[in-house]
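**Student:** Dumping the structure here so I can ask a few things about it.
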Amino acid sequence: MYWVDFDKYFCFSIRLSLTIMKLFSSTQIKEIDEYSIVHEPITSVALMERVAEILAHAILDIYPHVNRFLVFCGPGNNGGDGLAVARLLALQGKCLDIVLLYDQEKFSTDTLINYKRLKKTSCVTLHRIDKLEDLPELGPQDVVIDAMFGTGLSRPLNGWPLEVVTYINSCQAEVVSIDMPSGLPGEDCSGFPSDGIVCATNTLTLQFPKLSFFFPENEKYVGLFQVLPIGLHPQALTTIPTPYQFITASNVKPLLPKRATFGHKGTFGHLLLIAGSKGMMGASVLSARAACRAGVGLVTSHVPSGQGQIVQIAVPEVLVVEDMDTVCFSSISNIKTYSAIAVGPGISKHQKARVALRQLLKEVESPLLLDADALNIIAEERDMLDMLPPNTILTPHPKELSRLVGDWSNSFQRLELQQAFALKYQVVLLCKGAFTTIALPNGDLLFNSTGNSGMATGGTGDVLSGIIGGLLAQGLTSVDAAILGVYLHGLAGDISAGEIGQQALTASDLVNNLGKAWLSILK
């Protein structure tokens, strides 16, 4: 198995194999399991054994020198996974203390089978505990395996399980959660109290990530998560519909624009970049530099009168057109000559810019990207939303997004608002951040796998506008340009962080490492 290891960079760290990953609901996961059991065919207990072997291998890989593991098991199949893992670790010479939260009469069929198998294994101590004072002591040298509750959880924990979770979280031991941190729902987390969820150091999730892993408020519960393929039936994975998908390298490689052997600069498109205003010309420079690194043949930068020299000196590859106004974008002509247009970084919300943007929306026929101040203007003059051409790409950060779609109380609600907006206006709507999300006009929503918190610095959004604009100009569809653009952008950030660290990362570093990002995908 070939792994990409992003754990140095992500806000919650992650390791994943290079496969297309869909994100399924808890109900769909159960359906996929059942389909695999019938069509592989394989018995459910044999599938549990296969899962346990994969989990045990991953745990030993993370903790090769740990000798004692404490396994907390619930009554369902998540607990059965834990019991099977405990047996396999014991066979490797590890010492296992198993805490059973329930009597065996409440065990699922497969959990009961693994309980009986485990009782025949040496180096294992089984505890049926229902009092807090009877729980084994946990120290920093210990590792807890959380196998209490998985994706089937439908309500917040209470009573004895909640006490156990509170106890685990109060200890200094590292925690490995199987599939899900116990107490964390797979999708909507509203109504689930923060003190009723295991805070895992590592989460070993099965076959695909879970939607709630991508919510900022769940970082402290999920920790580093690793996706473990367990051989579920591919037919089920491809045919069961879901609006959610995780973008990986295998998604983006087919999107790379072809480079014609006999191509010339006209072959690879012409981007018009309307960016910058007096005192904000850095946005124009950064987006122009990024566009040039995105493979486009020509870039024309439209800037206020008297500001052109800044761009020409900083980016000599770029053509410059000066506006009639000395402060901001106020008018544009000959827009039909361009393959794509990107508008917004640093243009200001000046009244003249508002009028010019409105006129542009009336006339534009080329693929269009809107960012930053262009979005802020539209959010304040909402009739412009109905003027957006189909498949326009909008690239807000969370605050800009809230101005467009309204406020949200949690991340799941934000996804719903983002999806609804993209569907209503038939646009491609991004939300920049960790695991940048892309809402498509058909209602689907994609999560990006690249990027790191070092990119949370001024100018990186301008770089993204230049990259996606350059891809649009080369003829990529809006959806493909957005997917490839955010992946390249994040990958350049990961390469930069690997070279100089997240703390020192600047927007210019992303531009400088775009070449390496391209080469990484092309390998």
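All residue numbers here begin at 1 and follow the chain in the order shown.
Just so you know, glycine gets a Cβ as well, placed from its N, Cα and C.
Okay, these came from TrEMBL:
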{"type": "DOMAIN", "residues": "29-238", "note": "domain 'YjeF N-terminal'"}
{"type": "BINDING", "residues": "77-81, 150-156, D179, A283, G346, H397, D462", "note": "(6S)-NADPHX binding site"}
{"type": "BINDING", "residues": "N78, D146, S182", "note": "K(+) binding site"}
{"type": "DOMAIN", "residues": "248-521", "note": "domain 'YjeF C-terminal'"}
{"type": "BINDING", "residues": "K432, G433, A434, F435, T436, G461", "note": "AMP binding site"}
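Distances, neighbours, how buried they are, the whole picture for these features please.
**Tutor:** In the three-state DSSP scheme, T151 ((6S)-NADPHX binding site) is classed as coil. Take the CB of T151 ((6S)-NADPHX binding site) and look out to 10 A: across all protein chains shown you find 26 other CB atoms.
The number of other CB atoms found within 10 A of the CB of S182 (K(+) binding site), across every protein chain shown, is 29.
On the 0 to 100 pLDDT scale, the domain 'YjeF C-terminal' (248-521) averages 98 in this prediction.
T436 (AMP binding site) falls outside any helix or strand according to DSSP and counts as coil.
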**Student:** Tally every other Cβ atom lying within 10 Å of the Cβ atom of G433 (AMP binding site).
**Tutor:** 17
**Student:** If you measure every Cα to Cα pair among K432, G433, A434, F435, T436, G461, the residues listed for AMP, what is the largest value in Å?
**Tutor:** 14
**Student:** Would you list the other residues of this chain near K(+) - those whose C-beta lies within 8 angstroms of the C-beta centroid of N78, D146, S182 - in sequence order?
**Tutor:** F72, G74, G79, G82, A147, M148, F149, G150, S177, I178, D179, M180, P181, V198
**Student:** D146, D179: which of these binding-site residues has the highest Cβ count within 10 Å of its own Cβ?
**Tutor:** D146
**Student:** Give the three-state DSSP assignment (helix, strand or coil) for D179 ((6S)-NADPHX binding site).
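**Tutor:** In three-state terms, D179 ((6S)-NADPHX binding site) counts as coil.
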